[in-house]
Amino acid sequence: MVGYSLLLIVILSLVAYYVGRSSAKRFAGGAGSEKIHSLPGYHGAFIAVWVGIPAFVLVLLWASFQGATLDNLVLASLPSGFTEGKSPAELNLALSEIRNLASGRTFGTPAPEIQLAAERLVSWQNIASWAMLVVAATLMILVLVFARTRIAPRFRARNSVEHVLSGLMIFCSVVAILTTVGIIVSLLYESIAFFRLVPITEFLFGLKWEPQIALRPDQIAGAGAFGAVPVFAGTLLISAIALIVAIPIGLFTAIYLVEYADDRVRNVVKPIMEILAGIPTVVFGFFAVLTVAPAIREAGGLLGVVTSPNSALAAGFVMGIMIIPFISSLSDDALRAVPRSMRDGSLAMGATASETMTRVLLPAALPGIMGGILLAASRAIGETMIVVMAAGLIATLTINPMDSVTTVTVQIVSMLIGDTSFDSPKTLAAFALGLVLFIVTLGLNVLALQIVKKYREQYE
Amino acid sequence: MAQAALAPRDAAPAVFQTVRTPDLHPRPTKVKADTVKVFYGQKQALHGVTIDIPEKAVTAFIGPSGCGKSTFLRCLNRMNDTIDGCRVEGEILLDNRDIYDPSLDVVELRARVGMVFQKPNPFPKSIFENVAYGPRIHGLARSKAELEEIVVASLQKASLFNEVKDRLHEPGTGLSGGQQQRLCIARTIAVSPDVILMDEPCSALDPIATAKVEELIDELRKNFTIVIVTHSMQQAARVSQRTAFFHLGTLVEEGPTDHVFTNPSERRTQDYITGRFG
């Protein structure tokens, strides 16, 4: 029924648009008439938005509150003999049984009270939906008639539409902000629940990570330890390897493209770098597991180094490949933003291209390049798919790149799949990890943006 | 209209004659250019320029925008090499040595032929480091004290030292426009070039800063050969000893500055300097 209501809103808005436009056209057409302030289309749009938007909001609100209201009504209508002495949980169970029954899913034979309540619920739902449709239609027609009377030659429909549009844009940006706030709040909420079970100091400074605790009494599992240091150390190790791979390659690529490559080479290399940036990370994951990890293991075998099958080196190396385009394209921008006159000035002093690069262009572009590297680092720290496929699961505290380490994102994934319940420390730990990860990447991003901003001011 | 009397832009004459007036007391020649032609891709920007630039004097290039004077200036230290698709024909001799000779090191050439640009372009480094840049890359100073000596001497020669002596280690970009331009001149003379090329060095400066730079140019001509491109006829008249008038990629007239300005031999020169076109 919500669908029909939305369709009705669209149709009536269109009707409103044509009504508004045609009545405005009548002013415009008359000979010797007053000069019309806005084009007829604006009058149409004015009526259309006032017909459409309030009705839309009404339907949304109605649809979101209808369920809860009907539930309460149904509960209240249950015979007192049935509800007496029942706990809220049991009432809830009864309610979902009624709802299931009302939508045609029957399990076993329901109690007669439930059966009756379900029938009532069905009929109320019907009434409510029709009422929504009727109320929305009435509202729209009333608004249409009222707004129609506002239309006059000097009516500033154009400005009104402008106001509505800017309001719409504010609303859209607020949606993004509210979503972010919502995500943070939910993270915080679950994390606080976790820190009630596990002290925050143990989480932040503990050196042992064994979250596989028993969910049911009959399970056999570890006692549980939630020290996040090894997990973060693993993340840092893999990210560091990624940056060690990506910074020189990305930076030298950018330098080559800016200073040495001619247009033909640039026109080939740049799109290829963009393709690299567009490869889904899961494909990088395949590459890490099937190609890089075996190669590293064999190479380690030849050199006589003990190499774990899912070494940090494999995951870090592939992650480094993934972030090369970030570093190269941001460094490229930063180097290009250095005014040409700097380069000319240096060359005219008799400096070679490489002297110009190392002594003038790189120092001038360094803040921008640093910003790019920090953005790439926060991307590497938050990267999930490659490490889920290529890194290990056991949290070892090591700096040996041949060893297997785990990362924050891998732990979050592994804790939230499979047999979970939302009040055990194992599941809640995922939120705490997510919160810390969020804070770290947010900090890196803020730092990077600050640096980039400061750098922009230098030449403008 | 005087403009109509001139040849259309695309149909520059294949053969033309530069009107030359020699100095009364000729100076030795520093740079000798012979039939220099410059092409940007298919487009020809210079149609054979022949000129002798005298030593330890200021030679001004004047002419309307797009006439090729900056292009010719940039041939003299081969800065045109940095532009894609730019091709130079003809011969340019610096102290009788062909600067387009493949065996010549362009880096060395640019150390001998310095350049000051239209917009002051100090590096985003300290004042000291800006001036020390050239001596450092060319290894002119053997010790730190020697480097400091060069920097101070260069700043003094650019008459900037007194204004910045207390803040040598502050960024050069923090100076005013005129000071920045004198800093760029100090940076250029720090490597003791023979020739200094100036591409409209005052067009981004206010009149007071311009006067200071002009004063400096007059001072510098005792030790350096200076070639200056300018849009200001008054500036050319004030600072230069010889003036060359470019038009549509050709060198129309060159001679002693007072001759060119008071009694030009060419009709087009007269039209330009009296402001009838350009």
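Note: Cβ is positioned from N, Cα and C throughout, glycine not excepted.
Unlike curated records, TrEMBL annotations are generated automatically.
Taken from TrEMBL, the feature transmembrane segment covers A:6-24 (among others).
Taken from TrEMBL, the feature transmembrane segment applies to A:45-65 (among others).
For A:127-147 (among others), the entry in TrEMBL reads transmembrane segment. Long-range neighbours of the transmembrane segment (A:127-147) within the same chain, counting only residues 6 or more positions beyond its ends whose Cβ lies under 8 Å from a Cβ of the stretch, are 1-2, 4-5, 8-9, 12-13, 15-16, 19-20, 46-47, 50-52, 54-55, 58-59, 62-63, 66, 70.
What TrEMBL records for A:168-189 (among others) is transmembrane segment. Remote same-chain partners of the transmembrane segment (A:168-189), defined as residues 6 or more beyond its termini with a Cβ less than 8 Å from a stretch Cβ, comprise 431, 434-435, 438.
Annotation source TrEMBL lists domain 'ABC transmembrane type-1' at A:232-448.
Annotation comment: TrEMBL describes A:236-260 (among others) as transmembrane segment. Listed as Cβ neighbours of the transmembrane segment (A:236-260) (distance under 8 Å, sequence separation of 6 or more from its ends, same chain) are residues 266, 269-270, 273, 312-313, 315-317, 319-329, 331-332, 335-336, 353, 356-357, 361-362, 369, 372-373, 376-377, 380-381, 387, 391, 398-399, 401, 405, 407.
Marked as transmembrane segment by TrEMBL: A:272-292 (among others). Among residues of the same chain six or more beyond the transmembrane segment (A:272-292), those with a C-beta under 8 A of the stretch's C-beta atoms are 253, 310, 314-315, 317-319, 321-322, 324-326, 328-329, 383-386, 388-390.
Away from its own ends, the transmembrane segment (A:312-330) comes close to residues 234, 237-247, 249-251, 253-254, 257, 273-274, 276-277, 279, 281, 284-285, 287-289, 292-293, 296, 368-369, 371-373, 375-376, 379-380, 383, 386-387, 390-391, 400-405 of its chain (Cβ-Cβ under 8 Å, at least six residues beyond either end). The feature transmembrane segment is assigned by TrEMBL to A:312-330 (among others).
Sequence-remote contacts of a segment are chain residues at least 6 beyond its ends whose Cβ falls under 8 Å from one of its Cβ atoms, and for the transmembrane segment (A:428-452) they are 184, 186-188, 190-191, 193-195, 197-198, 203-204, 211, 226, 228, 231-232, 235, 367-368, 370-372, 374-375, 377-378, 381-382, 408-409, 411-412, 415-416, 422. Annotation comment: TrEMBL describes A:428-452 (among others) as transmembrane segment.
With a threshold of 8 Å between CB atoms, the same-chain residues lying at least 6 positions outside the transmembrane segment (A:6-24) that come near it are 36, 38-52, 55-56, 59, 133, 136-137, 140-141, 144, 147-148, 151, 157.
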